[in-house]
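So that you can see what the record holds, here are the features copied from Swiss-Prot:
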type: DOMAIN; residues: 52-119; note: domain 'BTB'
type: DOMAIN; residues: 154-254; note: domain 'BACK'
type: REPEAT; residues: 295-341; note: repeat 'Kelch 1'
type: REPEAT; residues: 343-403; note: repeat 'Kelch 2'
type: REPEAT; residues: 404-454; note: repeat 'Kelch 3'
type: REPEAT; residues: 456-506; note: repeat 'Kelch 4'
type: REPEAT; residues: 552-599; note: repeat 'Kelch 5'
Amino acid sequence: MELAMDNSYAFNQRSTCNGIPSEKKNNFLVSEDHGQKILSVLQNFREQNVFYDFKIIMKDEIIPCHRCVLAACSDFFRAMFEVNMKERDDGSVTITNLSSKAVKAFLDYAYTGKTKITDDNVEMFFQLSSFLQVSFLSKACSDFLIKSINLVNCLQLLSISDSYGSTSLFDHALHFVQHHFSLLFKSSDFLEMNFGVLQKCLESDELNVPEEEMVLKVVLSWTKHNLESRQKYLPHLIEKVRLHQLSEETLQDCLFNEESLLKSTNCFDIIMDAIKCVQGSGGLFPDARPSTTEKYIFIHKTEENGENQYTFCYNIKSDSWKILPQSHLIDLPGSSLSSYGEKIFLTGGCKGKCCRTVRLHIAESYHDATDQTWCYCPVKNDFFLVSTMKTPRTMHTSVMALDRLFVIGGKTRGSRDIKSLLDVESYNPLSKEWISVSPLPRGIYYPEASTCQNVIYVLGSEVEITDAFNPSLDCFFKYNATTDQWSELVAEFGQFFHATLIKAVPVNCTLYICDLSTYKVYSFCPDTCVWKGEGSFECAGFNAGAIGIEDKIYILGGDYAPDEITDEVQVYHSNRSEWEEVSPMPRALTEFYCQVIQFNKYRDPWFSNLCA
């Protein structure tokens, strides 16, 4: 058949009027329901059994259809028709792993763009959308199942999502199982969990168990459930148990009760090594799962006379304070305190009779800085010397990153006019060794350091003393602990800050600063190097303490005037930008040490007799 156009009038010829050419006109036509009309026509073809060009062969039925519809809806069929496959030329494909009901349901969706997902058919749709690679339908099934996750079906959905490759459903189901782990691990479905999924469960920090011992019991129970086929996995699963967080007694019992299984799977030596680790370095591992620990804010203050000490702790969960027994911590003027695992480290300071108050301490004519490092073990209430730093220092800061203690800035032994130290050192608590790392880009005074993942941010001033004492916050450094590289950031604060009146804290891997002079909180965006205002708190004393825990910032104590010191504690909830007051400290304090520390519940020395 040949179609021809009558060219008696040339539509593209520009007409003239009185010698003046008229403008050429055009209209752009858009039919908004064009796609739906095409689908309706194709569905009519299907109902009338016309223009079919392909067949799906089932075990008990042959279903005719149109290639264009299959290819438009399914990546499986599109790939089949694009490449030189036998089915393309034969005009048919045989499918054996889907039922006729499933294929017809898929075709109904493909021709109409509509279907109804229910509890009864969602698994069928999930299976066919996975096999036929219908992404929109697969996501709809995944979203439907995510909303239905509960204690009864979560393990089944975890298995289904793993089989069908639904990352979103798998992540949601995995999170649910991890959160309710202690309620699920005794079920028969749990014992049927495949190795890969169990491994994923166990490696998470968020695994909700009352103690790490439960994780070890789960691994042994799962292995014994089908010992012949599963014992090969035991070494891999044992690695996911944080054995160094267990008590020596628990590990010894495991050796005694499971000796045969452990030896046959080459796991006996793993437990033996863990026992040696606990004996030599117990409490020096910061990787305890949050659900197995109690978290505290540790407060310590030595008065100017060097004799009166105040030490107490705040239990995050119970909002209660406890006055701690005398620890006799040697916190020299200008020293720095950091927590690591279940231990507290004190570095440096001045051995002479320097003033403890910062503004008076910096004015001393001579600083007899020390290189000593002390470790305090609250579990044993023991305070002892460890390896000395390479360089004596005072008025520095210390912070933990990559399981090492870093000491940054400050001044070494000498007269008041010596410059700030550029040398930076790191200490490995397990090997008990100090090493030098890359130096600071330039000198910094009043350093504040915070760690966000493996990056240390350091803020401070480039000058030590100004006429008004309060030097400006004009130094901002970034240290990548993984690559041992420093970089200097542009301090785009948007306003003036005093270096001695800000506190830097990390919250959920984000750096925040609290300005104690304006009562405002700012967060830092590492991509743009810009500080964003996050809100204001009611008030805060100068020289207050500030701590970041999970999604919260705690601001504690401080002074409004030399004779007006406060015991107030305020909490900023970063996830909802709200402030609240919590229980006040047992005593009003200013210029004190403030750190977060956590203990395994089974050896928590501060848990009992908490009092406000």
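Cβ coordinates are placed from backbone N, Cα and C, and glycine is handled just like the others.
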Overall pLDDT of the repeat 'Kelch 5' (552-599), taken as the mean: 93
Secondary structure tally of the repeat 'Kelch 2' (343-403) (DSSP, helix then strand then coil): 4 helix, 25 strand, 32 coil
Counts by DSSP class (helix H/G/I, strand E/B, coil) across the repeat 'Kelch 5' (552-599): 0 helix, 27 strand, 21 coil
Listed stretch, out of 343-403, 404-454, 456-506, that has the most CB pairs under 8 angstroms to the repeat 'Kelch 5' (552-599): 343-403
